[in-house]
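A.B. asks: Pulled these from TrEMBL:
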TRANSMEM  31-54  transmembrane segment
TRANSMEM  66-86  transmembrane segment
TRANSMEM  98-115  transmembrane segment
TRANSMEM  127-149  transmembrane segment
TRANSMEM  161-180  transmembrane segment
């Protein structure tokens, strides 16, 4: 949220083009602030992939499987976002953006359905906010060609960043709970020896 406000203030105070600060850096001219929101999102994606993947090796059972699958799903989404696969790369190869987004959406939905019981047992508010943010981002992206909303890029990218932060927040909280539980188990085991 702070990043979104800062981008808005930079626009008001210095007159920096919103597209320059919200778009992927590869899509705009070179500038120190080019794609700053996108770049921050990519850093958050990286944490969202790395933390659960590493934690999965220190956990067991359903938690390990959920963390590993969540980390891999996050890594896939991060790669797509970083390399602009659905925007540029795959459409250039003849795969329509709508097909790529549908596949990513189905994989994400499949992940959430497969692990629904465990996802809902975790810090579900984060996941609900992430799903809402991604949904609103996709709605805005779909409406963009109609030209109904001025400045839609900052709003769309804002929803995407909110979604990424909450998606990552879910896995960070789950990883923290998993590690806390694991440490408690280890202490208990040490006391019984």
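A Cβ is built for glycine as well, from the same backbone N, Cα and C atoms used for every other residue.
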A.B. asks: Which sequence positions outside the transmembrane segment (31-54), separated from its termini by at least 6 residues, show Cβ-Cβ distances below 8 Å to it?
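C.D. replies: Answer is 3-4, 7, 10, 16, 20-25, 67-68, 70-72, 74-75, 77-78, 81-82, 154, 157-158, 160-161, 164-165, 167-168, 171-172, 174-175.
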A.B. asks: Take the transmembrane segment (98-115) and find every residue of the same chain, 6 or more past its ends, with a Cβ under 8 Å from one of its Cβ atoms.
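C.D. replies: Tertiary neighbours of the transmembrane segment (98-115) are 65-66, 69-70, 73, 76-77, 80, 85-86, 90-91, 127, 131, 134, 138.
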